[in-house]
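S.K.: Below you will find the structure I want to go over with you.
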Amino acid sequence: MITLAHYMLLSAVLFAIGLFGVLSKKNAITVLVSTEIMLNAVNLNLIAINKYIGVDGFYGQLMAIFVIAVAAAEVGVGLGIIISMYRNKETISLDEFNFLKW
Amino acid sequence: MFNGEVIAFAIVAFLLIFSALGVVFMRNIVHSVLFLAATFVLMAVTYLMLDAGFLAGIQLVVYAGAVSIMVVFAVMLTKRSDLHETNLFNSLTIPGAIISLLVFLGLSWVVVKTPWNIAERPLVDPMAINKIADLMFGKFVIPFEVVAVLLLVALIGAIILALEVKPQK
Amino acid sequence: MHFPLLTATLLAPVIGALVIAFIPKEEHKAIKSVAAFAMFVALFLSVFAFFSYDLAKGGFQFVEKYNWVPDLGVQFYLGVDGLSLPMLLLTNLLGFAAIFASWNVNNRPKEFFVLFLLLIAGVMGTFIAQDLFIFLLFYEVVVIPIYIMVVIWGSSKRVTKEYAGMKLTIYLLIGSAFLLFGLISIFVKSSDLLGHPTMNIEALGKVAFPKDFQITIFPFLLFGFGSLLSMWPFHSWSPDGYAGAPTAVSMIHAGVLKKIGGYGLIRIALYLLPEGAKYWAPVIAILATVNVAYAAFIALAQKDLKYVVGYSSVSHMGYVLLGIASLNIIGINGAVANMFAHGVMAALFFSMIGFVYEKTHTRYIPDLGGLAHQTPKLAIGLVMAGMASLGLPGLISFVPEFTVFVGIWKNEAMIPKFLAVIAIAGVIITALYVLRALAYSLFGPRREEYDHLKDIKGAELVPLVVLGFVLIAGGVLPFLIMDMVNSGVAPILAKLGATTAIGGKF
Amino acid sequence: MVEFAMHNAWLIPLLPAIAFAAIALLLWPWPKASSTFSILMILTSFVLALAVVYGVYTQPELIEKSMVYTTRWFSMPGLRIDVGIMLDPTSAMMLWVVTLVALLVQIYSLGYMEGDPGFSSFYAYLSLFAASMLGLVLSSNLLQMFVFWELVGLCSYLLIGFWFYKDSAREAAKKAFITTRVGDFGLLIGLLSLQLIFGTLNIPELAEKAVNFQNYVSAETLTLVLVVLFLGPIGKSGQFPLHVWLPDAMEGPTPVSALIHAATMVVAGVYLVGRILFLFKEVPAAMHVVAIIGGFTAFFAATIALTQTEMKRILAYSTVSQLGYMMLALGAASLTASMFHLMTHAYFKALMFLGAGSVLHALHGKAHIHEMGGLYKKMPWTTWTFVIGALAIAGIPPLAGFWSKDEILLVVKEAAHEAPGIYTPLFWLALITAFLTAFYMFRQVFTAFFGPEKPENHPHEAPWNMRLPLIILAFFSIVGGWVGLPWLEKGFGYWVRMGEFHHAEPDYVLMGVSVLLALAGIYLAYLMYLKKAIDPDKVAEKFGVLYKLSYHKYYIDEIYLWFNQMVVDGMGKILYWVDLYIVDGIVNGIGAITRGSGAVLRYTTTGNLQTYALVIFMVIVIITLYFAFGDASFASLFLGGGK
């Protein structure tokens, strides 16, 4: 019997993997992509909860739709930023982008 | 115990985790992106298992379709001659791994410890899409419109950011 | 519903600032005229309030009270009594004079006068608010314009204006941090004792705080208000700050802003925590005596006119503190009147020094000399301010000083005679440094490099005329101020006297 | 008229005050108008003062009980200060002296100050001075008196520094103000103590309470209070050790020296002590202090005057010496003798100062007596009036000075019967001083006015408006003392007194001795400076050290200067150092610590995005761990639930 907990643990694993990607990859694209994995993990949670707990409507799925929409927008802007970063510095390695200091 | 549902979940979950790990651990960015597409597709499968067909559709269209393609474009636009070793770890790998592990453990702990208020019967409704539509154009119409505006703004923003800057004379 | 006099007084400069905000920034004349008019209205209203205050009735008059944040017991409560009114009048007098003292500001006058009018409104608010919350609110309103004005329009001499502005602001904020702690403790304690929250000072005054609490909390108020009043050793912001600040800010700062410290000590610390005051009075007396003597000696060693007056004002604040420390009605009357007197005279001093600096581009005394030849009216102003500063009878500061002396002389139990003697000996040192500064900057052989100077004229004369008039009128007819002050101090002293007499010995 | 003047005596000081205000605000561009208005006002005051004098003369009851009008000045619980006027023979006498000298000096100044750029302001200051001095004289309250006391000090400051372009004038003005300030500090403390002891500063009330002062205060405390209070008169009346400002004050225009630093302001100290002599009388120790200070000052200043060479300085030290006489008389408990000498001294000293002014005017500022000589030919009026003044101060009968000085010697001699240990030496000192006075005065007269003419000088007689005051004052210097002839039944002593009137028998031996001493002094001066029978330089050599001490005024100025520069200024410098490097050092140190910690901690801001994210999640983990294993109730404080 697959319960809510299984899905949530799966979601937690995916979230952790995404987080690891965000924290430890040099490539800006991978970092962005890893956040997408984290967002997907969240969506998974929302939908699972909607199924197992949310008896009075489809709010969880609706929320997931909104998350997807925002995530799409975010990817669009994020990739735009990455491209412009690349244009300016000829690299997208985040180690080179450290002027946000002092 | 090992009914079809469990086996399907096990296989999908394994593949999902595997492909997600692939996204992170591949040293070539192109491989990474391929695994990403796989992750998105597998996620859609998971949604289907959760009786969220509409969401699965959206997942396929938006993520597996649009986002993956966009990422590929981005890779292409920022590529260098040699694609090997394009997706390396930085100096924070070990602390990052520890933190990620701890986050996972924390989340798991919450998941396990929380006495979830499970409904007696899972919410399964073939007319789900209608209900969602009602909500979206009824109660949540304003967030819906806001998201629409957000997408428009993001679109314009992305264009402006990616636009070639003319060298000033 | 009577005419909301206090709100109108408070709003006059604010409206003036708003009007100025809509004037194009090139229209210097218009901006200055609007500022002057706004301050004239405020001055007129406060003079009206001063003379229509019913002395026989006493207490708070022209009261306006609206609930504001009922959960915290905050009321928008304005009212004036014999303690607030002289301060209100002083604020507007100096504000009016300061507008004319800065008549020659041509660097961003629009911003200058807007900030200045807001500053005046803030200072006024602290004096007429009878609610702790509103009091603190207005106090914070004051700090910000001062910082901006010092940093933009100030002058760098021994220290840079940025340093001066920073020091001034940080000290004021540190003072208010002490204060905040003390006031919040009082508020919380009183809520516990009363069962309902209130910020009304009068209502808080009726609460009987336990003695230990009073003794613990009083030093916070003492050092909070004390650092505003430039009590030793929290005084060093004052000379640097004045030296760095533009004329108008020096005038307002030395003239009234410092007095918020003394006013708060009497209105809040003494009134709410009388037993704490009795316990700590000897400490105040010692610090105050140090203030008087120490700052007077340092003023002797100064070569910059503004530093002389800066240290002199620290020294004079020692008399105010001494009056407060005497804890009897004579001394406290003297302290309040001394605040008024010092305000007028310090403002006159600073405005005249401002003109000297504007004309000669120096305030360094050895570089000046013989200015009485070229600018006799300016010299008259400086001599008048100087004479008031050294407590010449017939000018406003003598009677208050004398009263303070009687007060401390009377309180033999707490203030040892030798402290009083040292404090009174301060008048000798004061005479020494004031006369030296005057002699070496105004008198002596004519200097040809200053032959091109023009004497003050037109609008520049206004500070001299207005403040000079008050100096003389207050000196010849001291009862005008003393009666008013007495009516305000008497209720506070009644409460102080009602508490059981404890030695306050350490 | 008399009635009006008596009841409206406040007009007397008010009129010159109006003159001051009018000149300061309105008339200053027109010198002629200023001086005319000022003189008119002081003349009116003079007439009113005359009326008051006559009124007092017709009402002998005022001797015992003065006429007092008061009104509240300010008050609060426990402190009430009244202002008012107090008329009795003493104040009437002072009114007469002050208005007379002020009027004459203002007339004199018409000539003396002619063409000065500050002519108008000079008259403004003179008017302000007259107003303040008259106010002081009429004061019924000690604090009110202190107010005017300081105001005359201000006028003195302004007038000494009138030619402020001279460094010396500027310094002298400052010195005068500060030196008297030191005294005023004591006076202020004395007044505070009196206020707190007796609860009032009104002179009549004090007089009532003084009789049984034991109810209020112990004798020792009262003595201490009075001695401290006496610092004020010491400063104002140039008594030792605060006399140093008075000779320097001669930097002011000469009419000012005559008015302020000879006839009126400097006697304020004497007047003040005279006003509260009833207190001093209660405690003999305080009296002794007054007498000793007075007697010593009289002698001390006379010895300095012996060797000075500047005309006005000699007169200044002579003034100090004569003020010492007056104090001595007060110390011998005699208001009469003191006030009598005050009055005659005002006549002849003002006369001599104005005469000196006339000489300076004629010689264009040459001040040293050795630069003068033989002036009597060209300036007969000046010379002979000056000689009258000198004879008067030397104590030659029947001139004014003789009678008053004799009176003082007499009272000191009488006091010596009661306390011989104190007053006998003072009596001898006073006698020696009389001799010295005659000597130094005629040293000046013979050197400056007689002897050979100096060809480089082209003196000329003063104009009429300067001569007229000289003549009037010379007249009073001769006859002024006759109001106090010892043979009169109801002479000066009947009117101006404190306590019972007792008619002293004339002491012919004492008179004879004092006249002989005066004549001896004059003769010695004649021998040394006119006949040159004795060479002054040789005498000076013989006395070596003493001469040097006297010539350098016993180095008191130098000591004060040293004290001022080393101790007071040094203290200022040290404390400034403390303020800059310790008090402010701590403040700046705290600031530096803040900045330093910022400089170190800023390196935590790496600029690397992922580091920030790492820290964020680390904190999330820590918080989660805290929830998991920590104090849940504290955690619930943030989350709200948990109960």
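Yeah, the Cβs are placed from backbone N, Cα and C, and that goes for glycine too.
In case it's useful when we look at the structure, here is the feature table from TrEMBL:
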type: TRANSMEM; residues: D:12-30; note: transmembrane segment
type: TRANSMEM; residues: D:37-57; note: transmembrane segment
type: DOMAIN; residues: D:73-123; note: domain 'NADH-Ubiquinone oxidoreductase (complex I) chain 5 N-terminal'
type: TRANSMEM; residues: D:122-140; note: transmembrane segment
type: DOMAIN; residues: D:139-415; note: domain 'NADH:quinone oxidoreductase/Mrp antiporter transmembrane'
type: TRANSMEM; residues: D:146-165; note: transmembrane segment
type: TRANSMEM; residues: D:185-204; note: transmembrane segment
type: TRANSMEM; residues: D:216-235; note: transmembrane segment
type: TRANSMEM; residues: D:256-280; note: transmembrane segment
type: TRANSMEM; residues: D:314-340; note: transmembrane segment
type: TRANSMEM; residues: D:423-442; note: transmembrane segment
type: TRANSMEM; residues: D:468-488; note: transmembrane segment
type: TRANSMEM; residues: D:508-529; note: transmembrane segment
type: TRANSMEM; residues: D:611-629; note: transmembrane segment
S.K.: Mind checking how the domain 'NADH-Ubiquinone oxidoreductase (complex I) chain 5 N-terminal' (D:73-123) divides into helix, strand and coil residues in DSSP?
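M.R.: Residue counts for the domain 'NADH-Ubiquinone oxidoreductase (complex I) chain 5 N-terminal' (D:73-123) by secondary structure: 29 helix, 13 strand, 9 coil.
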S.K.: For the transmembrane segment (D:508-529), give me same-chain residues lying six or more residues beyond its boundaries with a C-beta closer than 8 angstroms to one of its C-beta atoms, as numbers and ranges.
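M.R.: Same-chain contacts beyond the ends: 394-397, 402, 405-406, 409-410, 413, 431, 434-443, 445-447, 451, 535-536, 539.
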S.K.: Grab the same-chain neighbours of the transmembrane segment (D:122-140) for me: Cβ-Cβ under 8 Å, and only residues 6 or more beyond its ends, written as numbers and ranges.
M.R.: 9-10, 12-17, 19-20, 23-24, 28, 34-35, 38, 41-42, 45, 68-70, 82-87, 91, 94-95, 98-99, 102, 105-106, 109, 113, 116, 147-149, 151-152, 154-156, 158-159, 162, 202-204, 253, 255-256, 259-260, 264-265, 268, 271
S.K.: Please compute the mean pLDDT of the model over the domain 'NADH-Ubiquinone oxidoreductase (complex I) chain 5 N-terminal' (D:73-123).
M.R.: 87
S.K.: So which residues does the transmembrane segment (D:37-57) touch in its own chain, when a touch means Cβ under 8 Å and the partner is 6 or more beyond its ends?
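M.R.: Beyond its ends, the transmembrane segment (D:37-57) has Cβ neighbours at 1-6, 8-9, 11-13, 15-16, 18-19, 22-23, 27, 87-89, 92-93, 95-96, 98-100, 102-103, 106-107, 110, 123-124, 126-127, 130, 134, 495.
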S.K.: Which bits of the chain, at least 6 residues beyond where the transmembrane segment (D:314-340) starts or stops, bring a Cβ under 8 A of a Cβ in it?
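M.R.: Distal contacts: 90, 93, 233, 237-240, 243, 246-247, 249-250, 257, 261-262, 266-267, 269-270, 273-274, 277, 280-281, 287-302, 304-305, 308, 349, 352-353, 356, 369, 393, 403-405, 407-408, 410-412, 414-415, 423, 426, 430, 433, 437, 440-441, 444, 481, 484, 492-493, 496-498.
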S.K.: Residues of the same chain, at least six outside the transmembrane segment (D:146-165), with any C-beta under 8 angstroms of its C-beta?
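M.R.: Cβ under 8 Å, 6 or more out: 118, 122, 125-126, 128-129, 132-133, 135-136, 139, 172-174, 176-177, 180, 184, 187-188, 191, 232, 236, 248-249, 251-253, 256, 260-261, 264-265, 268, 272.
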